């Protein structure tokens with residue numbers, strides 16, 4: 001398997017699609033929000049990106065759950081392994097592509113995580129704490145727990161709930177075997193990354209980001225559920241429900257996405273410290289040069 005990872009706005013999908021076309025294979029998404037149907041603009045889910053040379057590259061684990069649903073790492077592991085086994089059975093090496101580091105690390109390491117039930121007592125104890133306080137509590141549980149996507153109090157409380165359950169119910173990593181993968185990271189300097197994020201945010205607003213969120217609210221999805229998803233869905237929902245003005249929404253969202261990208265890179269650097277070999281490629285290289293660099297590594301790795 002080939003794994004393509006990197007921060008938001010670095011061009012992961014473009015590289016993965018080019019490689020999949022070249023190798024005649026399929027992609028498995030590692031994005032915690034692209035799984036939801038109807039959440040398209042805010043997650044960067046442009047299905048046209050998967051068209052190359054007149055061919056549509058199959059991408060698994062996109063649009064598999066309704067918006068408003070709750071999805072977790074336990075479910076992702078099972079869904080990933082179904083897609084992974086299906087692709088292998090058809091004689092292809094899958095390409096895993098995404099920016100949710102916890103999903104990537106869990107499937108590569110073969111972590112076994114249980115389906116964690118709600119803990120009302122713990123939730124009551126955590127209610128009323130700020131996101132900063134909750135993030136500090138979560139950090140005390142160690143590196144395994146995903147802090148990358150925790151940008152609302154609701155998500156932080158759920159992450160702590162999972163971490164607390166695992167601490168009290170330790171499980172051996174036996175259900176899923178580790179996966180040997182060539183890991184490619186797309187590296188983007190900070191200034192370029194920030195500019196891309198800002199430019200992309202302006203573009204998403206022009207493409208109908210606010211209308212997308214309004215449509216989700218009008219379909220009956222509670223505002224709190226959209227806030228749970230964070231980033232665009234959180235900030236635009238706050239704007240549409242009258243809790244902030246447009247300018248504050250935009251600047252707050254822009255800052256949050258910059259912070260999110262920084263947390264992604266922190267996670268990937270942490271993966272290296274935990275023993276993963278990541279081959280970093282300059283994200284500013286032309287697409288064909290990126291593809292050639294990966295192909296050389298892929299061939300060398302057998």
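Using the three backbone atoms N, Cα and C, a Cβ is placed for every residue, glycine included.
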Given ranges 31-34, 35-38, 39-42, the stretch to which Swiss-Prot attaches the annotation region 'Interaction with substrate tRNA': 31-34
Where Swiss-Prot places region 'Interaction with substrate tRNA' among the ranges 144-148, 149-153, 154-158: 154-158
Distance, residue 100 (site 'Interaction with substrate tRNA') to residue 7 (ATP binding site) (CA atoms, angstrom): 9
Most crowded position, judged by CB atoms within 10 A, among 6, 7, 11 as binding-site residues: 7
All-chain count of other Cβ atoms within 10 Å of residue 13 (ATP binding site): 22
Intrachain neighbours beyond the region 'Interaction with substrate tRNA' (31-34), with Cβ under 8 angstroms and 6 or more residues off its ends: 42-45, 61-63, 71, 76, 98-100, 103, 149, 229-230, 233
For the region 'Interaction with substrate tRNA' (31-34), the mean pLDDT of the predicted model: 96
Cα-to-Cα gap, residue 6 (ATP binding site) vs residue 100 (site 'Interaction with substrate tRNA'), nearest whole Å: 9
Cα separation, residue 100 (site 'Interaction with substrate tRNA') to residue 8 (ATP binding site) (Å, whole number): 10
